[in-house]
Amino acid sequence: MTRKQWMRNTGIFLLFGGPSVIAFMAVVVIPFVVGLYLTFTNWDVNTGDSSLVGLANYKQVWLDTVFWQQLWFTLRYVFCTVVLANVAAFFIALALTGGRRGEQWLRTGFFTPNLIGGIVLGYLWQTLFSQVLPYLGEKYGWSLFATSWLTDTDKAFWALVIVTAWQLIGYLMIIYIAGFAGVPGDILEAANMDGASRMAIIRKIMLPLTVPAIVICIFVSLSRSFLTYDINLALTKGGPFNSTELATYHIVQKAFLSNEYGVGQAEAVVLFAVVAIVALTQSYLLKRLEVES
Amino acid sequence: MTAQRWLVSLKTIVLYVLLLVFLTPFLIIIMNSFKTTEQFVDNPLSLPQGLTLDNYTSAWDSMNFWDGFMNSLTITVLSVLVILLFSSMTGYLFVRFKWRVNGWLFFAMLASLALPFQVLMIPLVMLYGNLGLLDSKAILIFMYAGFGVPFGVFTFHGFIKGIPYELEESAFMEGSSRVHTFFRIVLPLLKPVFVTLIVLDVLWIWNDYLLPSLVLLSPDYRTLPLSTYNFFSSYSVDFSPLMAGLIMTIIPVLVMYLFLQKQIIKGITEGALK
């Protein structure tokens with residue numbers, strides 16, 4: 001390569017790649033590396049102390065029973081949210097894949113909650129759970145709604161699940177609809193001709209042929225619900241008595257309220273590892289169910 | 001009408017009823033945003049008497065709605081423009097120049113897509129805080145660029161791969177420069193990718209709470225999600241203005257949705273299937 005050509009290529013690289021690479025390095029790569037380093041130090045905002053402490057932070061995470069309780073709470077929450085959102089989205093999508101008039105409107109409607117941020121949705125439901133439902137409970141004597149769901153740990157858990165699923169359903173529905181569009185019409189017709197029941201068609205044809213869509217949907221709902229923060233903050237604010245703090249909420253508190261950056265970062269790394277393991281395992285297991293149409 | 005047609009209509013009606021139930025939370029909040037707090041506490045299901053906008057004007061003032069809206073708008077628009085410009089150019093670079101460094105960078109960007117924000121937020125705040133760079137809208141936009149570029153590059157890369165090189169070659173023959181060719185010939189072909197990325201990035205940045213809450217510290221810089229949070233934390237018992245505030249925050253997105261429904265659904269589908 002001549003010197004002139006080399007100069008020209010460098011110029012092209014800096015012009016086309018420079019801005020992206022600088023932003024990517026400064027916002028993602030460097031913080032990631034510093035973050036890993038941080039987990040091995042006892043960095044403190046107030047003292048400015050940042051000596052290496054080896055695995056002490058990870059040991060502290062290991063011994064932090066509150067963190068593991070909240071991680072277990074998060075896992076249960078993720079499981080219920082993923083199941084509820086996917087089952088609902090699957091059947092809504094199924095009902096909205098027939099080429100009938102008005103389907104477009106229905107899809108638009110079911111998608112609406114997904115457009116709105118978790119903070120706004122969280123406060124919207126907080127008002128419902130703390131004011132509207134107890135009113136109904138009192139008026140009609142429904143003991144289920146007699147007190148606000150948000151003041152009771154078990155019910156607040158379900159409040160979180162319902163609101164997150166409610167937001168996710170529209171998004172997952174869109175993916176399922178795209179998946180159903182890929183099921184060849186002649187197979188369905190043949191099954192209809194042979195007199196297969198609706199349930200049989202769903203179980204024997206729709207489910208196996210939409211495994212790729214199911215894998216995507218479970219992956220998306222898993223990673224989204226594992227990382228929930230906004231809804232948690234606006235709906236329960238971790239309460240009652242910090243019993244509904246999801247993992248992210250706990251990490252934010254640890255780092256930015258208690259100023260324990262090292263431990264908080266170690267917990268974030270552990271959370272990331274858990275999410276990655278769960279998400280990859282489900283993809284691997286479900287992909288084996290895939291069939292060619 | 002035959003029995004089958006009846007069944008189809010019945011199913012449609014059932015679906016509409018289901019949708020109505022699904023959207024009830026919005027309806028209840030909209031209805032009560034026109035009532036006084038006393039009326040709401042007395043009976044949240046009663047119809048409003050007349051269309052008073054008192055709650056809206058009071059929410060508008062208390063949450064500095066206009067400032068929040070303008071901050072959200074500036075940050076979203078500028079961030080999305082920067083992401084689109086940076087990532088389309090870099091996607092082009094990675095497709096057309098198979099240098100080793102480009103391969104590495106592309107791989108690093110793809111790998112970073114798996115990283116959740118949670119793993120980066122603490123060092124990010126620490127580093128930028130130490131340098132005294134927090135509390136600035138420009139830095140927030142820069143951060144959105146850093147977080148948004150990898151997915152943008154990935155999407156543009158996939159699309160540009162399919163554009164035949166001959167188009168550009170003939171432009172070079174006529175003496176057009178690399179930059180000129182990119183903006184005149186390649187960029188106009190990328191329109192479908194622009195639509196997808198605009199939809200995904202606008203919804204993400206407009207609704208984001210956690211990153212701005214860590215970066216924007218001055219009340220003057222608050223975006224709409226931040227002012228909503230603040231409004232609810234400081235006026236926790238005066239429900240009616242709070243509900244009006246929620247509805248006002250929802251309206252901008254809803255208006256956009258009404259006009260760009262098709263593009264939004266298409267963008268979401270394409271983004272998810274990647």
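The count begins at 1 with the first shown residue.
Every residue gets a Cβ built from N, Cα and C, even glycine.
Bear in mind that the values here come from a model prediction, so they are computed numbers and not experimental data.
Per TrEMBL, the features are:
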TRANSMEM  A:12-40  transmembrane segment
TRANSMEM  A:71-94  transmembrane segment
DOMAIN    A:71-282  domain 'ABC transmembrane type-1'
TRANSMEM  A:115-136  transmembrane segment
TRANSMEM  A:156-184  transmembrane segment
TRANSMEM  A:205-227  transmembrane segment
TRANSMEM  A:268-286  transmembrane segment
CB contact flag for the transmembrane segment (A:268-286) and the transmembrane segment (A:115-136), at least three pairs under 8 A: no
Contacting positions for the transmembrane segment (A:115-136) when only residues 6+ beyond its ends and CB under 8 Å are counted: 142, 145-150, 159, 162-163, 166-167, 228-236
Long-range Cβ neighbours of the transmembrane segment (A:12-40) (under 8 Å; 6 or more residues past either end): 52-55, 57-58, 261-262, 265-266, 268-269
